[in-house]
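Pulled from Swiss-Prot, these are the features on record:
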| type | residues | note |
| --- | --- | --- |
| TRANSMEM | 28-48 | transmembrane segment |
| TRANSMEM | 74-94 | transmembrane segment |
| TRANSMEM | 99-119 | transmembrane segment |
| TRANSMEM | 133-153 | transmembrane segment |
| TRANSMEM | 168-188 | transmembrane segment |
| TRANSMEM | 203-223 | transmembrane segment |
| TRANSMEM | 236-256 | transmembrane segment |
| TRANSMEM | 263-283 | transmembrane segment |
| TRANSMEM | 288-308 | transmembrane segment |
| TRANSMEM | 338-358 | transmembrane segment |
Amino acid sequence: MLYNLLLPHIHNSHIANLFHYITFRGGLAIIITLSLSFITGPILIEFLRSLQKNGQPIRSDGPESHQTKVGTPTMGGIMIILSSCLSTLLLADLTNKYIWITLFGFISFGIIGFMDDYAKVTKDNHYGVRGKSKLLLQGIISFIICVLLEYLDKSPSHLLNVPFFKNLSLDLGYCYIVFAIFVIVGSSNAVNLTDGLDGLATVPIAFTAGSFALISYLVGNLIYSNYLQLTYIPNTGELTVLCAGLVGSCLGFLWFNAQPAEVFMGDTGSLSLGGVLGIISVITKHEIVLAIVGGLFVIETASVILQVYYFKATKGKRIFKMAPLHHHFEKHGWAESKVVIRFWIISVIFALIGLSSLKLR
């Protein structure tokens, strides 16, 4: 909004001219979302605590240390969604189609997560909305997003770019839509599975969002994209502002989510954040890079899939003491803080590997 209001005055005002730069607006988005989180966090947490008598239900079969979390309110993802959306509406170009499509997906996945959290809190169990129902809703929203991208792009690309290789891409044709839906839904649920310990998912999400802030900027810049031999996609640079807002809102949320957590982001936060990262990767044509940068989410998801498959195949045997993987290490006696920090380190490594693909070809 501010960008659109100040745009006519960029040649007459130094301040207005600053808003012409995506990097300036991205930095400002981080400051705004951090500030909003610090200001609204205590108010929202107290409000959620007053509404949720018992807080988020804690699994009885989980690590014993988790019983100390009883009574902690959930739905803290509302803080992340509100601050990110507000900063984006203030600082991004509101004539940009990618901004509106991404915000639509972000909020829609947040609503699904809210429904799930609400069901858990009201029923006082950790099951929530049926898994198939959530997948169906996620699939419908992802399909709508893919159709919008197809319709609004004059010449939509169905190419899947392979990182670390020059000029290597796969033309998926209209199967790309199915693939894109898989990426968005998969990303949403992968982040959801990772969000099992205080602060565990928040920092890797910030790393991933920060990585895609850079990717969006480069892909949307003709000079940089040509230099790095990336697929140039006009107008994607504005997503840098949104990604920067995600970084700031996640760091602001971490202030309250660090162990011992005062609030959980819940499915409201994890499903929406995973979904929006998937959407941005599809728009920027860096779907495989998302799997690399967000490698921690992939590993956590793979551990659940392997556990379930092996359990069914062997009629009761398990590969891990408990899935997702972070619970396995807790069952091995690792302190929660040690698991979280070590997983953060792994996330940094994956982010660096993913970003190196922009240059190493």
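Quick reminder: no glycine exception, Cβ is built from N, Cα and C everywhere.
Each of 133-153, 168-188, 236-256, 338-358 was scored by its Cβ pairs under 8 Å to the transmembrane segment (74-94), and the highest score goes to 236-256. Counted over residue pairs separated by six or more positions, the transmembrane segment (203-223) shares fewer than 3 Cβ pairs under 8 angstroms with the transmembrane segment (133-153), which leaves the two as not touching. Within the chain, the transmembrane segment (236-256) has long-range Cβ neighbours (under 8 A, six or more residues past its boundaries) at 22-23, 25-27, 29-38, 41-42, 45, 76, 79-80, 83-84, 87-88, 91-93, 96, 98-99, 102-103, 199, 202-203, 205-206, 209-210, 212-214, 216-217, 219-221, 262-263, 265, 269, 273, 276, 280, 283-284. Panel annotation: around the transmembrane segment (288-308), residues 160-163, 183, 186-187, 189-191, 193-194, 204, 207-208, 211-212, 215, 274, 277-278, 281, 318-320, 323-326, 328, 343, 346-347, 350-351, 353-355, 357 of the same chain, lying at least six beyond its termini, place a Cβ under 8 Å from a Cβ of the stretch.
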